[in-house]
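Beneath this line is the structure, given in structure tokens, with notes to follow.
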Amino acid sequence: MLISGLFVGMALGFVMQRGRFCVTGAFRDVWITRNTRWLTAFLVVVAVQSVGIFALDAAGVISLNSGPFPWLATIVGGFIFGFAIILAGGCATGTYYRAGEGLVGSWLALITYALFAAVMKTGPLSGFNTSMRSVTVEQSNFYSVLNVSPWIFVALLVVGVTLAVRHHLNKPRFKLAAPPASKTGLAHLLFEKPWNAFATAVVIGLIAIAAWPLSWATGREAGLGITTPSSNAVNYLVTGDPELVDWGVLLVAGILVGSYIAAKGSGEFRIRVPDAATVVKSLGGGALMGIGAALAGGCTIGNAMVETAQFSFQGWTALVFMILGTGAGARLTIMNRRSSSGSGPANVPARAAALS
Amino acid sequence: MAQVTLQTNGQVCPFPLVEAKDTMASLATGDELVINFDCTQATDAIPRWAAENNYPVTDFSKIGPAEWSITVRKA
């Protein structure tokens, strides 16, 4: 049964790579271009998953329960993680699937992310992590505090997300340019055609639902998760303890395999070595991602996509502070770089060759 | 009409688009900007930016594995 983790990971890596599904981009666009198209797609994943998991919960296949809410660590960790994914050029899953595309910068970010997640969870910083996470309040989710059915929140989320999707679909349709097709039929659809953001989000939502009962069946009572599995993978590599290789470890390994297959199949794989500045940012960003995700109790997937679907305070608080963190990161790196490098004709000759 | 080539290979998202916007701002109407890039996400972001600004895309081709070139006219 453990092997199902590998297949779910492969499906996830494949769909994310082909759909260009980037949570970092979704959060960043809110600040840089004031565009909420990808954030809406992200919330589609949450809404689809929410319907599925509360149905599974009602059917008794899984049982959802949230523990106390570690508010301090969630706020601090969420903000650090949001800031870090700008430096690393991708969140946890983004970094995994870009690693599968051959981006060496993402390989480096992945290594320090997994390493620092382990340092925080089981290594020398575990005491700090535990004490930060011990600052809690008892109330753990929206519906238990209000003592109402979770379905009220599921309905509110579905209606809200549907309205947001409609807003984006009602915008004038653009005919997006694409390179000329060289494949036909299924190969064109799977390995060439640009995928619609919302369709991609629905598929990711369905994969996220499937993760629950499949993981549950192996004794890992959770849905999609990236940080703890990454930390477990590091611990396995240094201890050799096979007990550590659970469904989650196979899931993250599967993301690498799936995105490699997608990238290779569509001619989008190439080993790309970054410049020195990007190497430093990737290493630092990865380390901060590990620290932030461990504190917050999850990354953009575990917290912002899975805990939110359960309406836990941890999930929604982490989501808000991750978005704020990406705003701070974007202001410092992207917008700052823009003004320091200057815009306008002066900087063009340096980087571009003018032809006439 | 001038044609300017912007080389963004090696840069990851969002920088190819950030640089494209900056360079585009310095061009005159009717000029063309050729953007070479190898960031996969830019295959979505750059054509979308062109469409939203009503810039015609006169060429978009895949040059090799994870390598693209797109030509956008300032209109």
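Positions of Cβ are set from backbone N, Cα and C atoms, glycine also.
Record features, source TrEMBL:
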TRANSMEM  A:6-27  transmembrane segment
TRANSMEM  A:39-63  transmembrane segment
TRANSMEM  A:69-91  transmembrane segment
TRANSMEM  A:103-122  transmembrane segment
TRANSMEM  A:142-165  transmembrane segment
TRANSMEM  A:195-214  transmembrane segment
TRANSMEM  A:244-263  transmembrane segment
TRANSMEM  A:283-305  transmembrane segment
TRANSMEM  A:311-334  transmembrane segment
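Taking Cβ pairs closer than 8 Å, the transmembrane segment (A:195-214) reaches residues 1, 4-5, 8, 11-12, 15-16, 18-21, 37-38, 40-42, 44-49, 52-53, 56, 61-62, 165, 168-169, 222-224, 247, 251, 305-306, 309 in its own chain, all 6 or more past its ends. Here the transmembrane segment (A:311-334) sits against the transmembrane segment (A:69-91); at least 3 CB pairs are under 8 Å, leaving out pairs fewer than 6 apart in sequence.
Taking every recorded stretch in A:6-27, A:39-63, A:142-165, A:244-263 and counting its Cβ pairs under 8 Å to the transmembrane segment (A:69-91), the highest total belongs to A:6-27. Same-chain neighbours of the transmembrane segment (A:39-63): 21, 23, 26-27, 29-30, 150-151, 153-154, 157-158, 160-162, 164-165, 167-168, 197-198, 200-202, 204-206, 208-209, 212-213, 216, 221, 223, 304-306, 308-311, counting only residues six or more beyond its ends whose CB sits under 8 Å from a CB of the stretch.
Of the Cβ pairs linking the transmembrane segment (A:283-305) with the transmembrane segment (A:103-122) and spaced 6 or more residues apart, 3 or more are under 8 Å, so the two regions touch. Counting Cβ pairs closer than 8 Å and at least 6 residues apart in sequence, the transmembrane segment (A:244-263) and the transmembrane segment (A:103-122) reach fewer than three and form no contact.
Away from its own ends, the transmembrane segment (A:6-27) comes close to residues 38-39, 41-42, 82, 85-86, 89-91, 93-94, 96-97, 100-101, 190-191, 194-195, 197, 199-201, 203-204, 207, 210-211, 214, 224, 250-263, 266, 268, 300-301, 304-305, 322-323, 326-327 of its chain (Cβ-Cβ under 8 Å, at least six residues beyond either end).
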